[in-house]
Structure formats: C-alpha cells, structure tokens
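Trainee: For reference, the structure I am asking about is given below.
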Amino acid sequence: MQWYPGHIGKAEKELKEQLKLMDVVIEVRDARIPLSTTHPEMDSWLGNRKRILVLNREDMISKADRNAWAAYFSRQGMKVIFANGKLGMGSTKLGRLAKDMAANVNIKRRAKGLLPRAVRAGIVGYPNVGKSSLINRLLKRRMCPAAPRPGITRDLKWVRFGKDLELLDSPGILPMRISDQTAAIKLAMCDDIGERSYDVADVAAVLVQMLIRIPSVGAKALQDRYKIDNDCLCGKTFVQKLALHLFSGDTHQAAFRILADFRKGKFGWVALERPPR
Ligand SMILES: Nc1nc2c(ncn2[C@@H]2O[C@H](COP(=O)(O)OP(=O)(O)OP(=O)(O)O)[C@@H](O)[C@H]2O)c(=O)[nH]1
C-alpha cells in the first residue's frame, strides 16, 4: 500500500515540535480500530505529558465493543472518552477533563513558585479520524475544515478555549505506520486513508473474511444481504460472486459496495478490533 503523502512526513516533524509545547495531549482514535489508529512511537513522543484518549465515531460500534474497550483502557490506567465528532457527543466531557488536567498543571507551577498560565492542549491522531470535527465541537464554531477524506488539515494554530486553556486548533496528524499492512488494510476498510492508495477488491475480500468471523455478523448476514451463498468462506470468491450476481462481473464495483455497506453500518455497527486478552 502506498499511502504516505509528502505533507504527512512534514507534519511529523511539525507535530514533534508542537508536542513539546503541549501540556495535555488529546489523542483521537477511530473506535472501530483503536489499535490500528495509534502510532507505535506515541508513548515515547508523549513522555510524561498527560494524555486523554478519545475513541471517536462511537456511533459506529456496538455497546458491547464500547464496554470492552472502556474496561481495557481503564485497566491500562488511561483516561478514555467516547465521542461522536459529527453530533458532538463527548465533547463537553472532553472539554471538562482537559480543563481539570489543566488545573493540575497550574497547581504544580504554583508549588514551584511559577505564575499560572493558560494550559495548552493539542489534538493529535491519524488522518480522517475526526479531529477537526471534535475541535469544531469543542470550540462551538467552525474553525477547522472537516471533510470525509483524509489529509485535509495542514496548518497549526493556537486558539483560546475558556480563560485557562489553549487549544491547538489545527489537529496534529500522526504519521501513519506504512510498515504495518494489517493496520493499513483496516484503515482502508474504515475509510481512514485515501481510496487511491489501496486495492478496493483486496480490501473488501479481507473485510468479508473479518465480518464472517465477527459473531454478531457472520456469514449468514453477508449471504442474506446479497443473496449469495458463500460456502467456501473465502472473501475473494465472495467478492467475485457478488460481482457476477449484481455488477456484470465488475469486481471493483462489487468490492466498493461491500465497503460502502460496512461503513454505513449495514451489517450492524461493529468494531473491527477487540481488546487483546
Ligand atoms: N459517523 C461519524 N462520523 C464522524 C465522526 N466524527 C467525524 N466524522 C466524519 O468523519 C469525517 C472526517 O472528519 P474530520 O474531522 O475532517 O477528520 P480529521 O481527523 O480532522 O481529518 P484530517 O484533517 O484528514 O486529519 C467527516 O466527514 C466527519 O463528518 C463521528 O463521531 N461519527
């Protein structure tokens, strides 16, 4: 998969510089794939900076997924907030939590004899996970362009949020892990990377196999939806059968339909990743 646009490389350098200035880092991940939407270097980049983890697109997973992830991150001692950047759920809680963390920073400053100052919170995350939507919700105005395609946000600026917090308005884009192909395929399924960077038919075939293994979906949901029997349980064959059945043999269109249906929740709202045991 080739999906490492030049501006992301540039953003990595800028992001590392910006991270040094942040007191609180709000890391946004896609709730459907919380493991694939974080960067392996994140912990080392953050050092002992405070972190709030936001699992965005909470509307796109089931309650059981949500509970499983909440328990997992709570065991890790991480503060996690489930959010919906589109409708704004979670943003008030996020604002409050960021401010609470901000208060801690100033308590420490006072103890050291330093004057209190506005605390800086920055939002970081992979492209298209909903960072701009969350910032717009937090600031209650449209500052950042939010768009249904990755890689929209480019520039960085600080904006006052209340009297004691500053928010880095333009979200920090995490450089994506090009080496991790499994993560890359899940990012493609969730529409978190540009469509031109992957083979739709390959990605749809893997998705079919993943959906078959998810108990709340299973082979039957796929067969019923498209009126196709999939006795061999092979994703590639399923895409080909669907192509013949509905799209005059056009596998690209068939694959695209499966991906679009998954993204629209036609197989139910399900996470593609569950916490490791
Ligand atoms: N269903 C759903 N859609 C969301 C949610 N949050 C954001 N979106 C949509 O996801 C798309 C991407 O959102 P953005 O806010 O632009 O994402 P971003 O992370 O800032 O993207 P970049 O600028 O590429 O880094 C938009 O179409 C949003 O409307 C959510 O919680 N649920």
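Numbering starts at 1 and runs along the chain as it is shown here.
Each Cβ is built from the backbone N, Cα and C atoms, and glycine gets one as well.
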Trainee: Can you match one of GLY172, GLY218, GLY235 to the GTP site that TrEMBL gives for ASN56, ARG57, GLU58, ASP59, ASN128, VAL129, GLY130, LYS131, SER132, SER133?
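Mentor: Record check against TrEMBL: GTP site with ASN56, ARG57, GLU58, ASP59, ASN128, VAL129, GLY130, LYS131, SER132, SER133, extra candidate from GLY172, GLY218, GLY235 is GLY172.
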Trainee: Could you check the binding-site residues ASN56, ASN128, SER132 and say which one's CB has the most other CB atoms within 10 Å?
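Mentor: Max Cβ neighbours within 10 Å, all protein chains included: ASN56.
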Trainee: Which whole number of Å gives the largest C-alpha distance between any two of ASN56, ARG57, GLU58, ASP59, ASN128, VAL129, GLY130, LYS131, SER132, SER133, GLY172, the residues noted as binding GTP?
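Mentor: Overall maximum Cα spacing for these binding residues reaches 23 Å.
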Trainee: So how many other Cβ atoms are close to GLU58 (GTP binding site), meaning within 10 Å of its Cβ?
Mentor: 22
Trainee: For the domain 'G' (121-178), what's the mean pLDDT in this predicted model?
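Mentor: Averaged over the domain 'G' (121-178), per-residue pLDDT gives 72.
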